[in-house]
Amino acid sequence: MNQPFGLAPFDRSAYKELSPSPRIIMTPGPVEAEPRVLRALSYPILGQFDPEFTRLMNESMELLRHLFRTGNEWAYPVDGTSRSGIEAVLNSLIEPGDRVLIPIYGRFGHLLHEIAQRCGASVIVMEREWGGVFAPGEIAAAVTRERPDLVAIVHGETSTGRLQRLEGIGSACREVGALLVVDAVATIGGVPMETDAWQLDAVIGGTQKCLSIPSGMAPVTYNDRAERKLLKRKRIERGLRSGAGDSPSARPVQSNYLDLSQLQDYWSPARLNHHTEMTSMLYALREGVRIALSEGLEERFARHRLHERALMSGLRAMGLELYGDPGCKLPVVTCVNVPDGIDGERVRERLLRGFGVEIASSFGPLKGKIWRIGTMGYGCRQTNVLHLLGALEASLLREGRKLPAGESVQAALDVYDDQA
Ligand SMILES: *Cc1c(COP(=O)(O)O)cnc(C)c1O
């Protein structure tokens, strides 16, 4: 028989039943999923126009409005990882030739830059050395000077563990008629993020970070300023079809799957068919966001702060140095300089193999230079922090590093006992 590509006959016993090992994941994502979210993923499928499913879609929008702290009509998930939400927003809001200002202070700023360029934008970049962020006034001044059509910026930069303050940028954008787009993938549900109070026109969140839902959806929200641009482009799409057309550079949204104007019709009461909603992921999203809101956002932010404090205290007691400007540290990601003479990758491997705990390295100029430790969502808890500190200390001792044995976990326990 013809075996294309040298495919061998299928051996029915070659593959064992799926059984991934339980892990303690302390990376900046994906993190351990909430057990209740995992359960939600296993529920029976509902048809996409079943009234019961319609109700779940509507409830999810309402939950997302609370999560994003917005009165926006539009708050729904784009089906795909967080990056699909970023692509949907930028592809839908940037027309070829638009002037787009992008302040970059880490890897995900470069991603915004790349996507904006693919959208045909004329991009103006501001760069900050990794480890720091911008003063909001610097960005506001650049907005006033450059008068862009759109500004895109990362709120929590997981590559460097930094948090960009956003207050004050929105009003500068409104003065020049620019839309302000924010990547809040790493911060949503873990760090205060105020869509309306900060005058953000479009925000993209993530599921697999502080919400502890598996990767695969990108909740987005946008206001009527953003929607006006969508509707204009939709008019042009129809106009071009009938041979009319607005301005010579005006273009319909190039993507079908990621066209927010089509997605909002699907999420509107009209429920105009677009793609098939990801049933199981929607269950997971609804459950994950419900859990976050029922904990209480303020309480949740405080919990992330507490475990960050315990972790930092334990790391310092081990004689380790934290990376980056402490004035703009992202509470949910703690970056540590790999000490001289230590092979950072070997330590990570030992943590995973010996202790079942995963931490991350970083990208580009920081690859191998820092460890990144995530304390996000369900993974952000005392047992995980203590386990990691003990495991890291043991691994460093194993590598021959001199350190005051036992003090790290004690330092973290001091923080927890103070709380009790
Ligand atoms: C993780 C992350 C992304 C990308 O998310 P995916 O789900 O992998 O597409 C984008 N921006 C930031 C700030 C992130 O931390």
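Here the Cβ of each residue, glycine as well, is placed from N, Cα and C on the backbone.
If you look up TrEMBL, you'll see 49-360 marked as domain 'Aminotransferase class V'.
Same-chain residues at least 6 positions away in sequence with a Cβ under 8 Å from that of K209 (N6-(pyridoxal phosphate)lysine) are, in sequence order, P28, G29, P30, V31, T158, V185, A186, I188, G189, G190, V332, G374, M376, G377. As annotated by TrEMBL, N6-(pyridoxal phosphate)lysine applies to K209.
Sequence-distant neighbours of R372 (substrate binding site): residues of the same chain at least 6 apart with a C-beta under 8 Å from its C-beta are T27, P28, T158, S159, G161, V333, T334, C335, V336, I359, A360, S361, S362. Mapped onto three states, the DSSP output places R372 (substrate binding site) in strand. According to TrEMBL, the feature substrate binding site maps to R372.
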